[in-house]
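Now, the feature entries from TrEMBL:
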REGION    1-24  region 'Disordered'
TRANSMEM  36-57  transmembrane segment
TRANSMEM  91-113  transmembrane segment
TRANSMEM  147-164  transmembrane segment
TRANSMEM  176-196  transmembrane segment
TRANSMEM  261-281  transmembrane segment
TRANSMEM  301-319  transmembrane segment
TRANSMEM  331-350  transmembrane segment
TRANSMEM  414-439  transmembrane segment
Amino acid sequence: MAAHHEKKSEERKHKSTQNGTQASQGQWGRAWEVDWFSLASILFLLMFAPLIVYYFIMSCDQYQCSLTDPLIDLLMGNKHLSDIWNKTPTLTYTAAGIYIVWVAFQVILYVFVPDFCHKFLPGYVGGVQEGAVTPAGVVNKYEINGLQAWIITHVLWFANAYYFHCFSPTIIFDNWIPLLWCANILGYVVSTFAMIKGYLFPTNAKDCKFTGNFFYDYMMGIEFNPRIGKWFDFKLFFNGRPGIIAWTLINLSYAAKQQELYGQVTNSMILVNVLQGIYVLDFFWNEAWYLKTIDICHDHFGWYLGWGDCVWLPYLYTLQGLYLVYHPVELCTANAIGILMLGLIGYYIFRMTNHQKDLFRRTNGNCKIWGKKPEYIECSYMSVDGTKYYSKLMTSGFWGWARHFNYTGDLMGSLAYCLACGFEHILPYFYIVYMTILLTHRCIRDEHRCFSKYGKDWKRYTAAVPYRLIPGVF
């Protein structure tokens, strides 16, 4: 959305805005208070999310990716939990060394290597960029250099694979479970540190939220933008660096393992690498745009992001490639082309929908969408410091079809990844199920915030664009 602001007097800081919404920090970010359902959900995730990741990875390691065989063994008394646990690889010095070097290398690329890609890549926006205004009225600056970090990392990876041979390209797969323990350690350490920091030395005290409930604050975070120094922003680094840059490397390691085991890389593995690689590259090409998304603009930094980015993302978003190591699938030409087209069309919808919003925001609505001037609804809201802001919510183009049509394209791409794995097991389809739940929840969560933020103006918007994801259906 395109926004400009107008400073109001201190006396109006806590009064209602002209659209009837209450001006408070509670309009943005997570909740001030915790209801019983939210607390139950938090406790469930804290207890079972790590077990879910372990179960998926263990099922591939010990049961050829069958999600039902471990349960059958346990229920039938063929095995005990201790039998499964004792066969699980433990943390090793090798894995710890790999992980420490990996994270340290990404920190160096993030903090100490200013972006140069924007100087020679037409259309790419990098270097120092401003984020969205925070609830306290702060506008943070970021060093956008993720594409550069991705390129440097992958150039070194291929240089090693073809010339230096310092380590095997299968190194990630070969240490996959020991690396899981490393990722868990980092996820819990950074989440705990973020909570302590929020209490004792927050970057911006006005952008902190405390519910008084330890579990909710630990999971959903206290600080909005925790930072160390001028440039190390926890949220951008963990959301967009070690996990996502590793995503394509993990898939390449799976492909290398498939080549080692079977003497070839199947077309399904190539499809997964290509389609997910496009998604990852799109993220880094549009990293400056990412500063305006829900992850950066609304989520506080806690276990949900800290552990999630370290463990959940790299381990469960790459299940298709992992599955194909154990069950190589060679698709017929027609199926391969169909899956490729589904993935590319989904990506096109995802990208063009976001491009329309970004163009609309950057030009304050003075642009053309599908050859004509965009339609929009004028909105207003107020930050905690008493600053009044005006926004425009677009109601034409893809954004006139559905309020979250970019998510629709994302789901089409997610389905393509899964279809590449065939139908022998349900494990690779976890991703589309998870993404459907996640993005539907995001729709509801985002709209709850927008209603709190815009009030009556948001009702006008939903009347103009009645569907969330699928025009005419939902």
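Note that Cβ sites are derived from N, Cα and C of the backbone, with glycine treated the same way.
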Q) For the transmembrane segment (147-164), what are the same-chain contacts with Cβ under 8 Å, counting residues 6+ beyond its ends? A) 105-106, 109-110, 113, 115-117, 121, 124, 126, 241, 245, 248-249, 252, 256, 280-281, 284-285, 287
Q: With a Cβ cut-off under 8 Å, give me the same-chain residues at least six positions beyond the ends of the transmembrane segment (414-439) that come close to it.
A: 56, 59-60, 65-67, 268, 271-272, 275-276, 316-317, 319-320, 323-324, 327, 329, 331, 339-340, 342-343, 346, 404, 407, 469
Q: Decide whether the stretches the transmembrane segment (261-281) and the transmembrane segment (331-350) have at least 3 CB pairs under 8 angstroms, with pairs required to be 6 or more apart in sequence.
A: yes
Q) Near the transmembrane segment (36-57), which residues from the same chain, at least 6 beyond its ends, have a CB less than 8 A from one of its CBs? A) 67, 70, 88, 176-177, 180, 184, 213, 215-216, 218-220, 303-304, 307, 311-312, 315-316, 319, 322, 427, 430
